[in-house]
């Protein structure tokens, strides 16, 4: 019960932020700005050991990475729904687990991808099959497995593009370490009139990310999402979840706010403004 006074914490997204310097140099920048937590969706350009050293030397903790997303430079945005990549998918999960273990990171987001051609008709079936495999492997290693609905404006043709679909997929996977990555940037575009009280699937959320719509800047920049309202709801729901869940046994309840935005003002005043913590 003492935990209910703990505020929600923000995590620097080192794929989106500090992009004027190489990835390994972004850790020092994040630490200098006050961050204690980082998420690195695309860590695979560097050795896992080098990333861990950079984090440790700057007093930072990894809380989220993405699974290997396929050929990112070639336009792939995950391969979990692609029948043509099933062999590569299993190999990618092994690599992802090795990175997560080295980084002492407990959450991994597995991207579905954009099925084209022959992959299109089998995507739903292949995604379930691959996610069952991934979730089981992550479960064996004490990690959470996340899936994220992504809006067509950001990734046209992305296989997972609604929360109803995500909930159905979680029920079909049926492994208790599997959750939804709830990104307000995508949610606000998939459901333009979404308000906090509409989110009935709160217990399925394993991680939260933020960015203002449509320019993907800081949450206090001009846009369509009322982040004051959303942060209040998150903090209240987080405390209720802590009361309802034994955190020592329950995965998916230790939310942080991932700053998956492209800095516009480069100010972090919004963290204090909205009553959050580093």
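Backbone N, Cα and C define each Cβ position, glycine as well.
What TrEMBL says about this protein:
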DOMAIN    28-235  domain 'Xylose isomerase-like TIM barrel'
ACT_SITE  148  active site, proton donor/acceptor
ACT_SITE  260  active site, proton donor/acceptor
Let's check the environment of residue 260 (active site, proton donor/acceptor): how many other CB atoms sit within 10 Å of its CB?
24
Residue 148 (active site, proton donor/acceptor): tally of other CB atoms within 10 A of its CB:
23
